[in-house]
Amino acid sequence: MTVAAGIGYALLALGPSLSLFVSVISKKPFLILTVLSSTLLWLTSLIVLSALWRGFLPLKSTSWWPYGLLIFTSVAFQEGLRVFVWKGYMRLEDILNTFADKVSKPRLYLTDKMQIALAGGLGHGVAHAVFFCLSLLTPAFGPATFFVDRCSQIPFFLVSAIIALAFVTIHTFSMVIAFSGYAEGNKVDQFFVPVVHLVAGMVTLINFASGGCVIGIPLLYFIAILTLIHCGRMVWRRLIGNGRTQGNL
Amino acid sequence: MESSILESIGVDIIGVMSPVSICMLLVVFLVYSLSPSSPFSSSSTPLRTAANLVYLETPSDSAAQKLEGALLNALVFVILIALVTFLLVVLYYYNFTNFLKNYMRFSAFFVLATMGGSIFLSIIQQFSIPIDSITCFLLLFNFTVVGVLSVFSGGIPILFRQAYMVSLGIIVAAWFAKLPEWTTWVLLVALAVYDLVAVLAPGGPLKLLVELASNRDDELPALVYEARPTVLGNTENRGSSLGVLVGGVSDSGSVELQAVQRDNLNQTEGGNRSDSEYTAVEVLRFRDEDESGRDEGESSPLVGYSREKYSPSSEIVGIFNDCSCCI
């Protein structure tokens, strides 16, 4: 596709994360570092998964269940990794709090913790968008564009950009939900995130059917909006509830 | 609500990481957009530079030949750089400061004008930008002169200086990308190793240079990237409330940071000593891996701060002096 269209697709997938980055993350250098390390971590998880699945790929199958298995194992691995990230974050929090005590500054506020979680999620989302959308765009510059048979109404790159946007949203905010769930011990939040991730992954299988992306993509966006609303309600509840105690947890 | 620590942690790392990342990103864009569309349309004769004095790589050689040739190239290049750095140390030792300063200015001018100009021309060619030669020359000249001024004299905003340091890195990196493949990779590794040795080993030229400079309390006329360290409000005084500060090193008299506090007046009789110690807090090192075409040494601004200990019974008034670091 042309350069202008390419930039358009890239901004479609990464525009909201760019504005999130500029408005929230870029103000605090530590959050920039968090975004970068979580991006790296997510990419590493992809490398490990591809190493594990190397022997079975490419899946020359017309039925959907090998792909379903692939998605299931990948999501399970990444959700397991999220627990490790949480444990690493606990240690990081201790280090930061000790440092804060040493320089006689207040300990981490609740908003700080949520911002770190947001930065972590954003790193995951950006890595997903770069890997699953931008990497398709860069070799494809030129005068023409490409349509897929099973989703022939819009160009293939546009479809991948739209799907990437949904996943960026899901990744970014599920990290906030997950960390809050682990911190509070809230089982609903803790199970919400892996379930949502798995369902979102499985919903993309609908795109295999001819004309399936007309159903699959709105469903995906429904899940993304659900994640957003749940995260918003959870943050509201915690902040208002903690408003009396100076916002410190 | 007091500001949390999240505001200030990691500033130094980001201050060094962001120019490096921007430089790398722009080099990738530049090389990607300037690379020939077909692999066979490259120039028929590869350029002979200091990096392939010994061996000119051609695609038809065997892997072993290429590796051997690349190693020889890298060896010759590193030896060349080491020789010139030692020459620089000798010149600095014998106080040829003016010559060094002028040579630095000349070399920055040269790099920006010729190497930058050549890249500029390639961009114009690649994207068929309609621009005439006089305008192009004027623009290039302005770019070069402002670059030399911002890097070597004061009064120019720090952002310009940082931007020009990054563009110097981009230009040199883009030029190094024109070298043949094997030579590039081996050269990269060889320069990294040389860097480590030159800076850390006891006889290394860069280490000697830094030691000479710090012994004379002087700053090197070198291409230094300043990430503008933040001020640490360090109040460890037991007595009086006059705090201490960090002197930011900037060159040629323009002080952009704070003054260094010195105890001048001693109002009580009898010796009330106040020691002021200079401790080097942080040595910011910015070394772009691709910046190897420069034969001048580089060092880093030594950020020193003085700590004054007051004895509790004294009343000492400190006078703020402007600290202008000489260059």
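Placed from the backbone N, Cα and C atoms, the Cβ positions cover glycine too.
Where the annotation comes from TrEMBL, it is an automatic prediction and has not been curated.
Positions annotated as transmembrane segment by TrEMBL: A:6-25 (among others).
Packing against the transmembrane segment (A:30-52) from elsewhere in the chain are residues 21, 24, 73-74, 77-78, 81, 85, 115-116, 118-124, 126-128, 131: each is 6 or more residues past its ends and has a CB under 8 Å from a CB in it. Per TrEMBL, transmembrane segment is recorded for A:30-52 (among others).
Same-chain residues lying 6 or more positions outside the transmembrane segment (A:64-85) and placing a CB less than 8 Å from one of its CB atoms are 38, 41-42, 45, 48-49, 52-53, 56, 120, 175, 178, 193-194, 197-198, 201-202, 204-205, 208. Here TrEMBL flags A:64-85 (among others) as transmembrane segment.
Look at TrEMBL and you will find A:116-137 (among others) tagged as transmembrane segment. Long-range contacts of the transmembrane segment (A:116-137) within the same chain, counting only residues at least 6 positions beyond its ends with a Cβ under 8 Å from a Cβ of the stretch, are 1, 6, 9-10, 13-14, 17, 20-21, 24-25, 30-32, 34-43, 46, 85, 89, 156-157, 160-161, 163-165, 167-176, 178-180.
Among the features that TrEMBL reports, transmembrane segment is placed at A:157-179 (among others).
Residues or ranges marked as transmembrane segment in TrEMBL: A:191-209 (among others).
Positions annotated as transmembrane segment by TrEMBL: A:215-236 (among others).
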Apart from its near flanks, which chain residues at least 6 from the ends of the transmembrane segment (A:6-25) lie with a Cβ under 8 angstroms of it?
31-32, 35, 115, 118-119, 122, 125-126, 129-130, 133-134, 137, 140-141, 157-158, 160-162, 164-165, 168-169, 172
